[in-house]
Amino acid sequence: MADEIVVTSSENKTEDTIVCYAPMMITTNGIWQGDNPLDYSLPLFILQLTLVVVITRLLVYILKPLRQPRVIAEILGGVILGPSVLGRSSKFANTIFPQRSVMVLETMANIGLLYFLFLVGVEMDIDVISRNGKKSLIIAIAGMVLPFILGSSFSFMLHETSQHTKQGTFILFLGLSLSVTAFPVLARILAELKLINTEIGRIAMSASLINDMLAWVVLAFAIAFSENKNMTLASLWVILSSTAFICFCFFVVRPLIGRRIRQTPEGESISEFNICLILTGVMVAGFITDAIGTHSVFGAFVFGLIIPNGPLGLVLVERLEDFVSGLLLPLFFAISGLKTEITAIDGVGTWAILFVVIILACAGKVLGVFLATLYYKMPYHEGLSLGLLMNAKGLIEMIVLNVGKDQKVFDDKSFAIMVMVAIGMTAIITPIVTVIYKPARNFVPYKRRTVQRTKLDREFRVLVCIHTTRNVPTIINLLEASYPTKKSPICIYVLHLVELTGRASAMLIVHNMRKTGRPAINRTQAQSDHIINAFENFEKNVGCVYVQPLTAISPYSTMHEDICLLAEDKRVALIIIPFHKQQTVDGGMEATNPAFRAINQNVLANSPCSIGILVDRGLSASRMNQVSHHIAVLFFGGPDDREALAYAWRMSEHPNTNLTVLRFLPGEAAIEATRSDSTKSRNDHSILTVATDSDKEKQLDEEYIKEFRTRTTNDESVIYTERVVNHGEETVAAIRSIDNSHDLFIVGRGQGNISPLTAGLTDWSECPELGAIGDLLASSDFAMKVSVLVVQQYVGIGIGDQVTTPDSPSRHYEHFNIDHSNRRPQTREQQPGFHSQP
């Protein structure tokens, strides 16, 4: 059993608690032997860890609607478990978090911190700094100097004469904690706000990276001064040895690691021995820096920085990320919370100081960054947003505060104040930036947002979305059948969609087609490599095609934003995205992932151009005049059907393509039903308006069909037929009677098009997002097992290229606004008051 001895020093009037415990009391013999598991270190630690993880995850869930970063939940979780809330009960504190368990808890927390800082170093891209260069350096320094000065001025109010540190050391720690920016926290905030690939996001990332580097240097000085009350030769030795350690890592260890990687045979993954060597190196680096007088995490961070970008870094992140950041890192924040006693902030005056420190520290960083952005003539709203983003606090500040608490630089009151400052400054960032940052709306709209508007003598741009490699062959054959020529080359952006799981932030990766043949280190990269290779071969074998592969790693809930942003930015005319069901061996259709359907629905509601949903049942290649495609278009009328015909018309130019256009016309019964409905609703102004719009659509249909027939009259590969039907049952019968020679159906989605020819078909439809006809063709019951492309035309371009509404006055398609300075779009869903359509 453990005993606590209180030793009182009369000289300094302080009390030190010495905890004595039995060294062999690690695991229990069991409750049946009469042992209490909480008297033993291992079961007690397991309980503590479980409590920390459960409370942290619960707070993450609660704070998610408020768009708060995870670090807020982790710090608050520690505060709740600490003496401020649950720890106020002495029974809870002595049972769950007794003094004897603190050493084990802090040791494990610091191991988690060690490896997390190593991962932060691995994920840091030093090249980001060089890309933004001087601008990021100036912004980072400006964002540190002013808060540091403000922190120095407030140090006289917070520093107590009873504290054992000199005023200079206190200034150093306080100013550093207020001026630092947390790089990992900022990366997550930028990813959540969909700003990580924008100009402001890149500047914020590189500036915070520089800020972190400078913070580590200042922290090394601060630790050296705190451990030596006066500036002595020992402090100088600490600084010199830290510098020597950094140089040794970069100029000796880094080349050795690079040599080990190059010795890995091509096509093989990184060996287990090399991984173990690296993970051991993290411990060694931490031991060395702790031994020379700086914090152990400093060594781990530097060791992470020297890991070369490439397969090794990806393997390390893949192996460690979830375990370290999900399980061990919350322990560190819990320890910080356990040290935080909010009741120490007593009196109105102290709380007033707390709020003044939060406001002025935040204002100091915003003002410093804002002045730097004014110097570079950036827009005002960008400067303010950047200043707020640079206020992100978290891991680095908590390290500074914990080191300061351990070194007795901070007492209980000043430590509690600074923890509350960190929570307050980080919590206000996302809500305010969401309101302030709205990129300029004035941009030159591009006209060719649809296939119909893209002329055959212009470049045709397509964005292809791929979840798995299964859809690649059919999509490639579809694109090859789209007939790229010298007059109308096809520019294809291939976007591999990957769900974000446990990484630091969402990202958009632009791949190099002519990459070196590095081995794939995980399933995601293997799939990306397969997709890239397939499209690279396609580009080589088919002329007049340009392919740019990309990978979007983001949550499924916001993946449609990445697709729409990229489509807007690349100015594509058509997005092709796979259907959420795939064909089984017996010819039926089964759902692969319910999230894919939600993505498709969101893209249909928010797309800045036309969309094609591909129901993949296979499509043969038609190269070398070996196979000819037989394509059928079912035309009922409306913008979506005209877009479907426009795409099929383009494909019919291919010498190996035969096109059949089957136009459905209303019979006498259908016309009579339409007249009857019109008579009944004669006094309804809204229905009259719809009827007027329908007349306009019919006129546009007639004009387009007339143009199509005129230009394809002498083309033997194009067959145009008309079928008269009276209701939905006759329509289904007519479709089922089509011969089985076709291998692709192209149909319009028919959104907003009310026709007696399809009446009743939607009553039993399984997938309304495909429209009545598309759902019929994609169903497992349909006799012909051929691929289907369901097309929705973008109808947001009206007179003068103003964005208009396709279906109803309440639905807006003005989703995207591009900032002139960086030509990056932002969805309107990021603006207040926007409601996307289902």
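Placement of Cβ uses the backbone N, Cα and C atoms for every residue, glycine included.
What you see is a predicted model, and the numbers here were worked out from it, not measured in a lab.
Features of the protein shown, as given by TrEMBL:
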type	residues	note
COMPBIAS	809-822	compositional bias 'Basic and acidic residues'
COMPBIAS	828-838	compositional bias 'Polar residues'
DOMAIN	55-433	domain 'Cation/H+ exchanger transmembrane'
DOMAIN	490-622	domain 'Cation/H(+) antiporter central'
DOMAIN	630-796	domain 'Cation/H(+) antiporter C-terminal'
REGION	803-838	region 'Disordered'
TRANSMEM	40-59	transmembrane segment
TRANSMEM	71-90	transmembrane segment
TRANSMEM	102-124	transmembrane segment
TRANSMEM	136-158	transmembrane segment
TRANSMEM	170-191	transmembrane segment
TRANSMEM	203-225	transmembrane segment
TRANSMEM	231-253	transmembrane segment
TRANSMEM	273-292	transmembrane segment
TRANSMEM	298-317	transmembrane segment
TRANSMEM	324-345	transmembrane segment
TRANSMEM	351-376	transmembrane segment
TRANSMEM	415-437	transmembrane segment
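Per-residue pLDDT, averaged along the domain 'Cation/H(+) antiporter C-terminal' (630-796), amounts to 80 for this model. By the Cβ criterion (under 8 Å, sequence separation of 6 or more), the transmembrane segment (102-124) is in contact with the transmembrane segment (40-59), since 3+ such pairs are found. Taking pairs at least six residues apart, the transmembrane segment (231-253) and the transmembrane segment (298-317) share three or more Cβ pairs below 8 Å and count as touching. Long-range contacts of the transmembrane segment (273-292) within the same chain, counting only residues at least 6 positions beyond its ends with a Cβ under 8 Å from a Cβ of the stretch, are 114-115, 118, 238, 241-242, 245, 249, 253, 257, 260-261, 264, 298-300, 302-304, 307, 312, 315-316, 319. Beyond the transmembrane segment (71-90), the same-chain residues lying 6 or more positions past its ends with a Cβ under 8 Å from any Cβ of the stretch are 51-52, 55-57, 59-60, 62-63, 96-97, 182, 185, 329-330, 333-343, 393-395, 398, 419, 422-423, 426-427.
Long-range contacts of the transmembrane segment (298-317) within the same chain, counting only residues at least 6 positions beyond its ends with a Cβ under 8 Å from a Cβ of the stretch, are 114-115, 117-127, 216, 219-220, 242, 245-246, 249-250, 253-254, 257-258, 261, 269-270, 274-275, 278, 281-282, 285-290, 503, 518-519, 521-522, 525.
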